[in-house]
Amino acid sequence: MSIEDLDSEQAYVSALYDRLDALRRRASTRLRGVLLRSESLPRARFEREVASADCAATLARLRAAEIGLCFGRLDFDGGERRYVGRMGIFDDDADYEPLLIDWRTPAARPFYAATGAERLGVRRRRHIATRQRAVTGVEDDIFEMADSPGPDAPGSHVGADGDSPDRATPLTGEPGLFATLNAARTGRMSDIVATIQAEQDRIIRSDQRGVLVVQGGPGTGKTAVALHRAAYLLYTHREKLARSGVLVLGPHPAFLRYIENVLPSLGETSVVSATVDALYPGVTARRLEDAATAELKGRAALAEILAATVRHRQRLPQGHTLEIHTEERLLLLERSTCERARALARESGELHNDARPLFVRAVIEALARQVADGYAAETITAAVLEADPEALDLLAPAGSGGSSLLDDEDLAQLRRELRGDPAVRTVLDELWPALTPEQLVAELFADPGTLAAVAPQLSAQQRQLLHRPLAEDDTDGNDWLRELRAVTDGDAGSGGGADLEPDNDRDADGQAGGEDSGVPARPRPVGGWSAADIPLLDEAAELIGDDDQAAKAAALRERVARVAYAQGVLDILSRDIEDDPEIMMAVDLIDAGRLAERHEDADPRTIAQRALADRTWVFGHVVVDEAQELSEMAWRMVMRRCPTRSMTIVGDVAQTSDPAGTTSWDRVLAPYPAAGTPARWETLTVNYRTPAEIMAVAVDVLATLSPPQEPPRSVRTVGHHPWRLRVADEDLGPQVARSVVRELERLTIRTRDVAPTAPDAASASASKAGGAGASASGGTGGAGGAGGAGRMAVLVPTSRLAEVTAAVRTVVPEVDAGPRARLTAAVVVLGVREAKGLEFDTVLVVDPDAVLAESPRGAHDLYVALTRATHHLGVLHTGDIPPMLARLVPRAG
Ligand SMILES: Nc1ncnc2c1ncn2[C@@H]1O[C@H](COP(=O)(O)OP(=O)(O)OP(=O)(O)O)[C@@H](O)[C@H]1O
């Protein structure tokens, strides 16, 4: 790299930043202008909202491009030169000549894909490293020599910490890549846009259509690739995807926090990220399920069992005839009538709740006819007794049904009376109840009799696993229900209640029958719902039809608030002139309800808020990360969210922890044959995270797993070996604390050495976290303080989480712990499963024997735990070291 090179690149990059500043100024001015527009008409207000959202998104994109705006240059055979960066910038003064090409455009592809063997017309590829706005280095790949790799061409590399163990791996942009890989971790993943490798680029740019499955061992960049693919697809198909949204599913909340910066740093804010159990609105999964029950609930057989449960709830009277004792009369409901009504409703093809009105109508019709016939018989008898000659004329109509004695209005009134009659309603609710998903599932689990009837394919022992009594209160996860009751009871002011009459039981006259005007039941099992229950609730909702009561409650709440506000406005306008009858007041012209309507604005929620509040939302593309963890039932739920099957599924079947998860992608996809584009498969083979020394230990664990998997190849070594230390059980806590202190010391020394020299993406991640240098030199008690770079994890069997957290807290009071860890502190204690998808500079695995024993997939959990470290790994064990960890080097206490 010559000084001239640096100077000329600095001049170019500075000009790009000047242009970026100008674009930002322009966007801010536009946004300010839009926000200051005061609009009175709803339509104009709506347009203002859209325009301001658009301006804000542009501004966010421009801001996101600040770090590493330009990171590459391509020189082509014909002399053309292209600069590649985070966004496209064009020259307004020179016919919109591109000054910088967005990394997602086809024109930028050679930057990632050109190799010595296939150079795509590229003569030179230049990697430009920057810190803030200063160019700190350039590295060239020269492809000049015919079509074969030259001496400087990609194909050989040396890791910054040591030699590469695998010289055959073709890598590009090695200095920048290794600086990134060696940099201290910050608790948040960074984007890799400047150093995407060719095999990753191919996956990122793969066709949007159809299912793409990416299998890869730990650290092979699956998450990074999946997120960059989301950004690529949003860029390429923005019109289509921005409206429907892209959903990114991750395994646990800490993982979502870990990845939360990646897409915004790429300028994308319209992605919805969630765990699978957040896809069912209105219910929060809080209860932990035991492994055997979770595995059982994850099986596809549960879908059949739920369908059978719905049919089971569509009942017939026990005997030939059911007596219904109303206040006025005795009604006789024939079993055959119910059979006909049930067949009619079932054959309609409607879902259970939607078919209910058909059943109800048929039964009510039969009962109404019976009552009308009764009237006729009574009338004739009375007439005959009084020897009225005209009575004879009544015989014929009476024989063909007494309804002709009643006109249409009388009949409609009769049907309404019957529908409203408590005794009739009780019978109808018994025969074909209106159900909520919660009711269907909770009542199924609570009733061993129903379980036996609908799940003959399960053993008695399995049915016992599913059995769970009903909770007695309804306070958990049913917050909306209480609000709805408050509103319908009139507690929340005027305007409540009117919309809540369900219209699904309207009779032929279009009148609401009113028999279901109460709020539907939402029971739950004792202890609440578990994550394994969520796909079952979603399945139940699919079978019985949607229950929109929660949405109605929210809409009603908003309307009540708007009306109350409007009333307040009218009161103020009228206050001082109330007594003068000559003056026309605002209330004379408009009431609060209509005034409120005029101020109904467009839905101000983000796409993420709207999508996650709507169970039936359909996404344009779905990314499933750690996809091996999903059960068959969870896949059914996820697939429903993406009927086009435009999906990216990334995972590693060797890392499956969930007892209901998969060890075969074929098995996952078998129930979903491709309608159009067939599923595609890719494999990632290079491990960017785990150094070779640690991977050698993990490979021995991998060898014990089935089905056998090819281990990924590590791209770097770190020059020191992972260690183990045997500890007496009673000394485990204090020893963990001592080890944490010791490892923190090492971490501090390393981050001081490495982080400040990291250019490019490394400095990007460091500056996002407040500066690596600041953390290394200024951290409290070494790297123990929060913020800054350098992260350590203590990974434990779940049973030891509390004990080990308490021990670590004695030396690092601000330690982060458990499933909801924020990953902001330098040290975090996690159960092995909660570490899935994460990475740390240093990892301490505690009690591997217990990890192995704790779950049928214990060896998978151990494999995950061992592969989380980017530099240091230590294992503390209380008994003999498990043979699969024999490669660890013993350390003296
Ligand atoms: N091309 C790249 N340039 C720079 N860093 C990369 C690149 N590819 C992957 N990485 C880094 O490697 C690490 C591992 O990547 P990632 O977490 O995506 O792997 P993974 O396959 O999802 O791992 P796991 O299955 O263990 O969760 C991350 O720090 C990521 O940023």
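For all residues, glycine too, the Cβ spot is worked out from N, Cα and C.
No curator has checked TrEMBL annotations; they are predicted automatically.
Copied over from TrEMBL, here are the features:
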REGION    147-174  region 'Disordered'
DOMAIN    195-691  domain 'UvrD-like helicase ATP-binding'
BINDING   Gly216, Gly217, Pro218, Gly219, Thr220, Gly221, Lys222, Thr223  ATP binding site
REGION    486-527  region 'Disordered'
REGION    756-788  region 'Disordered'
COMPBIAS  770-788  compositional bias 'Gly residues'
Which of Gly217, Gly219, Gly221, the listed binding-site residues, has fewest other Cβ atoms within 10 Å: Gly221
Cβ contacts of Gly216 (ATP binding site) (under 8 Å, same chain, 6 or more positions away): Lys222, Val650, Asp652, Thr683, Leu684, Thr685, Pro712
Thr220 (ATP binding site) CB neighbourhood, other CB atoms within 10 A: 25
Candidates near ligand 1 among the binding-site residues Gly217, Gly219, Thr220, Gly221, Lys222, Thr223, judged by a Cβ under 6 angstroms: Gly219, Thr220, Gly221, Lys222, Thr223
Confidence summary (mean pLDDT) of the domain 'UvrD-like helicase ATP-binding' (195-691): 82
For Pro218 (ATP binding site), nearby residues of its own chain (Cβ under 8 Å, 6 or more apart in sequence): Asp652, Gln655, Asn687, Arg689, Thr690, Ala698, Pro712, Tyr863, Val864, Thr867, Arg868
Collapsed DSSP category at Lys222 (ATP binding site): helix
Assigned conformation of Gly217 (ATP binding site) - DSSP reduced to three states: coil
Around the Cβ of Thr223 (ATP binding site), the count of other Cβ atoms that are within 10 Å: 24
Cβ-Cβ neighbours of Lys222 (ATP binding site) (radius 10 Å): 26
